[in-house]
4 protein chains.
Amino acid sequence: MAPTSFQEPTDTHNHDHLVKSTDSQHPANLICTLCEKFYHLGWVAGTGGGTSIRDNDLVYLAPSGVQKELMKPEDIYVLSIAQQKDPKNRIYLRAPPSLKPSQCTPLFMAAFTKRNAGCCIHTHSQWAVLVTLLLETRPLNTNIFEINNIEQIKGFGKGFQKQGNLGYHDTLRIPVIENTPHEEDLTESLETAMDEYPDTYAVLVRRHGLYVWGETVHKAKTQAESLDYLFQLAVEMKKLGIPWLSDIA
Amino acid sequence: MAPTSFQEPTDTHNHDHLVKSTDSQHPANLICTLCEKFYHLGWVAGTGGGTSIRDNDLVYLAPSGVQKELMKPEDIYVLSIAQQKDPKNRIYLRAPPSLKPSQCTPLFMAAFTKRNAGCCIHTHSQWAVLVTLLLETRPLNTNIFEINNIEQIKGFGKGFQKQGNLGYHDTLRIPVIENTPHEEDLTESLETAMDEYPDTYAVLVRRHGLYVWGETVHKAKTQAESLDYLFQLAVEMKKLGIPWLSDIA
Amino acid sequence: MAPTSFQEPTDTHNHDHLVKSTDSQHPANLICTLCEKFYHLGWVAGTGGGTSIRDNDLVYLAPSGVQKELMKPEDIYVLSIAQQKDPKNRIYLRAPPSLKPSQCTPLFMAAFTKRNAGCCIHTHSQWAVLVTLLLETRPLNTNIFEINNIEQIKGFGKGFQKQGNLGYHDTLRIPVIENTPHEEDLTESLETAMDEYPDTYAVLVRRHGLYVWGETVHKAKTQAESLDYLFQLAVEMKKLGIPWLSDIA
Amino acid sequence: MAPTSFQEPTDTHNHDHLVKSTDSQHPANLICTLCEKFYHLGWVAGTGGGTSIRDNDLVYLAPSGVQKELMKPEDIYVLSIAQQKDPKNRIYLRAPPSLKPSQCTPLFMAAFTKRNAGCCIHTHSQWAVLVTLLLETRPLNTNIFEINNIEQIKGFGKGFQKQGNLGYHDTLRIPVIENTPHEEDLTESLETAMDEYPDTYAVLVRRHGLYVWGETVHKAKTQAESLDYLFQLAVEMKKLGIPWLSDIA
């Protein structure tokens, strides 16, 4: 989507200092490192997917339509949450010349504002897509992915503002929302899913991929890895006739 | 195929300056970088596949029969589109000693001359081959791959000289042509497929692989990645009994 | 698990010299190199899994909850086997600030004390998990993985204090124990499995992963690779209807 | 196998000059580079597999039981073909201290002496093993892998001392021999298979892996890649119900 109406920063230097740092842990550097890693995991093929990091009031965003393994800190957008009065008219503190903001922006913002997330990752992982396709198949036809009694489930927090992680016997539940032609139009159903599943750290988008977040970059990234592990396992379980839910005491 | 009749460049220095550059974005450097990446994606195993970039009138080509992950800029062929009067007698501005031009050359040229492409990629991806094998199976037995309602479809342009990309509900259609013993003999049916599908950016070759192009290196590469993603997904969907076309409104 | 009661080392420098070395073969360096390799093999996604090395009396351990491909030598715990009088109250010679000891610690210790292992590796490999799921399925429902007549079986030692390796016709047997909500609670059943299968170098944990060890880092690592190879092969054999045991003379 | 009777080189410097070179194309360097690449392709997990290069009379061999991705030039064995009078008593020009010669040695030597190969590669690739398992299944139960009408077949030479490569419609035939408990005992049946299939560049070993060679390192490596590609494709074709042989004119 073209940035129909965002205000140019008035600063003549385009606030490059917001994305220039020699610290590998600076959000602008970290987004590039993460996106290159995600490329090699097959999560962001063909410019799909993206990553955003929040540092207090500032949000750093990968742009639209770039090769994710080649991204550079100067490609990063920065906005201030406090300054966003009108969701139709986003104000960027820093916008790279000749790039476009990501259509994922309002979805990342939902994770930051509704859940106080520190990082949100969007993947087009084929395992995520296949899980949503399997759930769509009759007689299942459901909008929730559920799995239990797999150790990797312990890689997820119990939920927003709750202490500790899920246990081995707990059922991990990830809601599935239907895809829309324009990615921004997912925002409402994503927010609804977040309201209906107040403890979830992720939402699957049917035939599209995954949004997953965490309080920190560490948690968002490791929860993304754990979910992808579970999705791949679930697809293989399906091929082998093994159910995703079981009755182990 | 041995270069039965190509004219040696008369320049004693063999026009090495055409492939020597310290700029990582120079076509001769870029072909090497891309081919190494494609090797790790499994697209060019055993010297299969190839990549060509056009820069205005000049076309840069990977040679025949080299290990694609080890290629060097000095291995690159260069020709001028304007100087090609006779397709049976290609004139190279620069030909590396002791290598052979690629049999893919006339197929790459079709993308450059008929579609004004800036880059054309040929892969032997197993997912592409498996898709053509599945399409060959009765009762399907068809020469067109079709898929819709998958987000990654948005990674493709609407077509030659058209603005914008396909939408989520659009059906992506990739024609399939039959393989021939000599790769150059594919040229006619590739051009026919390009004529019959004037908006396609790719042609599958049955039991062989894929030709995919784009206006720029960026677009050719990201369309190649998106197609491979869709072919792999399609094979997995087939294993799980999920149809490639669906009726989502 | 939080370190409910471990004694802080009294040394003000926190015994950093125990994990600082320019020798790439020092256990603290080697654990980091191995864990990064295991991350790329998919064995330790999302902070899962771990590795521990014993050097005479000293045991080096990866901490809990870290991204395994990013680990640094200063993240490593060190304890002395001789000083461990009370399993409920582990004494660390060196503990990194702001990290937690791994819940795997008592399981690694079992390999070191009962089998005199020099290294123990814990993976969440999906192939290991799928094998335990297939074994759980009726009518199999068993707690032992068995395979024979595959060359890679020769990658395993005959057993504790025995000379030489398994032969091609030998049946490799890996016991499976049931998972528990708290990883430390696996210790008793792991030790029981080690007693019941005195020659095994590995124990599968149902719906969880694998513990595998060896007299040396080399042996633990290569046995881990060989087992993962066999688990993946076994899953593919199952998909293709090929039995794991055969009667070849 | 322990080196029961090989004669120590008398040279006090152990002929280290035979494996020390700053040239990346020197056989001792090249074996290490290739083996690291093969490790990442999954061909030599857990010390399995190996590679040998012949340079005129000299044969360079990877040792037994080492981690193939960590191998160094000083680990390489060297022998002279001319000096091998007694196959039971191999004479090494250079033997690394504290390592063992590979059991694959007589099989590599068969490729060098019977086919004048310049390089021979042994893999434990799971795709190769699965193909031999599928061929063993009734009603197939055969000792020959056959596939035709796949482009990648053109990656193989027509045969020993013949010009040119196989064509697209040609049937690639790879004989399968039965595995033996001791790798050296494969030598006779490997040589028989080479005699029965005088044009083959490879022999599959049932439930074990592959031996593949070529006139040069380039040809051995690219033929190994093409074969592995075809084995993986064949396994996927089997899963999808697509036959390996077809009647395309």
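Yeah, the Cβs are placed from backbone N, Cα and C, and that goes for glycine too.
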- From the candidates A:His40, A:His169, A:His182, A:His208, give the one listed by TrEMBL for the same Zn(2+) site as A:His122, A:His124. A:His208
- Message: Return the count of C-beta atoms lying within 10 angstroms of the C-beta of A:His124 (Zn(2+) binding site), excluding that atom itself.
- Response: 27
- Query: Listed in sequence order, which of the recorded positions A:Cys104, A:His122, A:His124, A:Glu151, A:His208 sit with a CB under 8 A of chain C?
  - Reply: A:Glu151
- Between the binding-site residues A:His122, A:His124, A:His208, which lies closest to A:Cys104 (substrate binding site), Cα to Cα? A:His122
- Query: Any idea what the Cα distance is from A:His124 (Zn(2+) binding site) over to A:Glu151 (active site, proton donor/acceptor), rounded to a whole Å?
  - Reply: 24
- Filtered recorded positions (A:His122, A:His124, A:Glu151, A:His208) by Cβ distance under 8 Å to chain B; hits in sequence order, or none, are A:His124, A:His208
